[in-house]
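Asks: Annotations per TrEMBL:
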{"type": "DOMAIN", "residues": "21-248", "note": "domain 'ABC transporter'"}
{"type": "TRANSMEM", "residues": "319-345", "note": "transmembrane segment"}
{"type": "DOMAIN", "residues": "323-473", "note": "domain 'ABC transmembrane type-1'"}
{"type": "TRANSMEM", "residues": "357-378", "note": "transmembrane segment"}
{"type": "TRANSMEM", "residues": "429-448", "note": "transmembrane segment"}
{"type": "TRANSMEM", "residues": "454-471", "note": "transmembrane segment"}
């Protein structure tokens, strides 16, 4: 009872607490097999509490540990000492842009239900609305694998849109303005950080120092430590602080950049067009948002005879196919002959001697066994040769394909062809075709034999053929969808 009460109280405190992230003192380091290299990557010397709705900026020089502190909050860096960092609520993390093969809408929603008003607001806030307008299919445009037909800025903004649409309680953004220009970065900060995420707890890493003054808290990193922590106004008021030093270094670096006049490079002034200055270059929609991946083609209706012919003639130009069918005919004939021999010889009285009865039956059975053994051997030979030839043809086609083929064809589709479909070619299709041919031969022999006694059985055969034709149409389309869908899930 006491344990249940404590658990309930902890859950209530977690729900109503004003603290979003509680960072305790501790040391974190990346795993390594060398014990001498296990030095702490991050040292947290002071306890820090981040309230719900706070905007926390993390700045510092390259390699100071800005991304590592985000990873320590996520629990991706092993803790070697101290207490663990507590995060109250769901988390959304955006670092290197990860784009899945699919539409723009799929990449933003990422499995969540569509809220059209919020979805449009997110696209506008992430400056994706203009890019989508340039696409022929809008947000239903299929993105190439790993975002191949997107620019770096578009990938970054799409990842940011995904994090915002997830509606997580805590958003960890690792330099979200690095791949965009100054104007777009200012738009993203204003619309995303201060508007769309105004009620969320946001921790963002940035090298743009102009975005620090809008934060509630600034963490200054240096050599894996938080050397300064506080409000922006308090930190810039300290002339000996790390933030002021970094800002001074940043200004000195900008002043050392050579001007175009020093480089003796001719600079063209921006053109004027209808009184409006052109400040940025617009990308051609055909280059970035064009239809890169075509839908996988699926044949419908009856399978063409050329497909069967191509498959059957892949091995030895189809020379063994008639031999296999002939073996089946002989096997079926001898099997029926043995049954007929037993029925005729023992119908009423002993028409032949027992020795002759057994001898003829043994010859007929032995002959049928030889033919069925030959049929199985030849079928296995043809199946192996066909599978090898088709596999080599596929490999040669893939290896000799142009680079544009890999741009427009997802790797999942290639993987599906070389695994599931190739397995069907190896084991399924040959024996299905052989089973069909053998069943037809057996069926014809049975019908011929039964029609000698009752010719009406032919009518049942016609009805069975009609039902089979009707069933094959539905079965073929369903099987086509079954073999094409796995590529979309890989």
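Glycine is treated like the rest: Cβ placed from N, Cα and C.
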Asks: Same chain only, please: residues at least 6 beyond the ends of the transmembrane segment (319-345) with a C-beta under 8 Å from a C-beta of the stretch. Say none if there are none.
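Replies: For the transmembrane segment (319-345), the sequence-distant neighbours (Cβ-Cβ under 8 Å, at least 6 residues beyond its ends) are 312, 351-352, 357, 360-361, 364-365, 367-368, 371-372, 374-375, 378-379, 381-382, 434, 437-438, 441-442, 445, 449.
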Asks: Could you please provide the mean pLDDT value for the domain 'ABC transporter' (21-248)?
Replies: 86
Asks: Checking distant contacts: for the transmembrane segment (357-378), what same-chain residues at least six beyond its ends satisfy Cβ-Cβ under 8 A?
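Replies: Contacts with the transmembrane segment (357-378): 320, 323-324, 327-328, 330-331, 334-335, 337-338, 341-342, 345-346.
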